[in-house]
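Chemist: Below is the structure I would like to discuss, written out as structure tokens.
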Amino acid sequence: MAKVSDLALLLVAGMAISLYIQETGAVKFDIKNQCGYTVWAAGLPGGGQQLTQGQTWTVNLAAGTQSARFWGRTGCSFDASGKGTCQTGDCGGQLSCTVSGAVPATLAEYTQSDQDYYDVSLVDGFNIPLSINPTNAQCTAPACKADVNAVCPAELKVDGGCKSACAAFQTDQYCCTGTYANSCPATNYSMIFKNQCPQAYSYPKDDTATFACPSGTDYSIVFCP
């Protein structure tokens, strides 16, 4: 029969393992605004926060959170209750987002599996420059630092942003759906985004733009890196 002291040690060890799993499963994101203008940061999960130049918003993802996305909104106006509108990235007229943002918006995407997977995505278009910076120095820090709006074709341009061809035209060729679901090459439109931001997803099948890092890594997301 196990002694009381042995049982106590087993209990302490079990608690330590449980705490370790919880700690390594939780992830912290520091969202920083380095733009020369106000950005209303958004996250699913997380909600939203107004960030003036130099401000940081911290989002702690609970252990077991499988995916998240973050983006910046511009040209926003909210009342005291948190209701309003944004020129780009609007999420149903709410300061604290519970739904995805309207296109176009530059996205930081995160998925947790056997390790962390993350990417900067222009699949929904572009509104502001963005980077993802892991705390693990061995991991890649992808960024889209260029002002894609400056080279946006007229047919993709909207106030404050540049739509992707998929968002603008909604065709199988540009969205990699239907007959293009299994074989979907880059297009002249996606190459505009890729040439400006080589590390970012430029269209739905641009899988070379996914990066991986060991689980337990924290991240900072920087607007206007």
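Using N, Cα and C of the backbone, Cβ positions are placed for all residues, glycine too.
As listed in Swiss-Prot for this protein:
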SIGNAL    1-26  signal peptide
DISULFID  C35-C224  disulfide bond
DISULFID  C76-C86  disulfide bond
DISULFID  C91-C97  disulfide bond
DISULFID  C139-C213  disulfide bond
DISULFID  C144-C197  disulfide bond
DISULFID  C152-C162  disulfide bond
DISULFID  C166-C175  disulfide bond
DISULFID  C176-C184  disulfide bond
CARBOHYD  N188  N-linked glycosylation site
Chemist: Let me check the 10 A CB neighbour count of C86 (disulfide bond). How many other CB atoms are there?
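Modeler: Neighbour count, Cβ to Cβ under the 10 Å cut-off: 25.
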Chemist: Could you say whether, by DSSP, C144 (disulfide bond) belongs to a helix, a strand or a coil region?
Modeler: strand
Chemist: What's the CA-CA gap between C97 (disulfide bond) and C224 (disulfide bond) in angstrom, rounded?
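Modeler: Pair distance, Cα basis, whole Å: 21 Å.
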Chemist: Are there any residues at least 6 positions away along the chain from C184 (disulfide bond) with a Cβ closer than 8 Å to its Cβ? List them or say none.
Modeler: Q173, C176, Y203, P204, K205
Chemist: Suppose we draw a 10 Å sphere around the Cβ of C97 (disulfide bond). How many other Cβ atoms does it contain, all chains included?
Modeler: 24
Chemist: Reduce the DSSP letter at C213 (disulfide bond) to three states and note it down.
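Modeler: Once the DSSP labels are grouped into three classes, C213 (disulfide bond) ends up as strand.
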Chemist: Counting Cβ atoms within 10 Å of each candidate's own Cβ, which of the disulfide-bonded residues C35, C139, C152, C176, C197 comes out highest?
Modeler: C197
Chemist: Report the member of C76, C144, C166, C213 (the disulfide-bonded residues) whose C-beta atom has the most other C-beta atoms within 10 angstroms.
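Modeler: The residue with the most neighbouring Cβ atoms within 10 Å is C144.
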Chemist: Of all the disulfide-bonded residues here, C91, C162, C175, C224, which one's CB has the most other CB atoms within 10 A?
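Modeler: Result of the Cβ crowding comparison: C162.
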Chemist: Can you tell me which of the disulfide-bonded residues C76, C91, C224 is spatially closest to C166 (disulfide bond)? Compare CA atoms only.
Modeler: C91
Chemist: According to DSSP, does C162 (disulfide bond) sit in a helix, a strand, or coil?
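Modeler: DSSP assigns C162 (disulfide bond) to strand.
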Chemist: So how many other Cβ atoms are close to the residue listed as 'N-linked glycosylation site', meaning within 10 Å of its Cβ?
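Modeler: Around the Cβ of the residue listed as 'N-linked glycosylation site', 8 other Cβ atoms lie within 10 Å.
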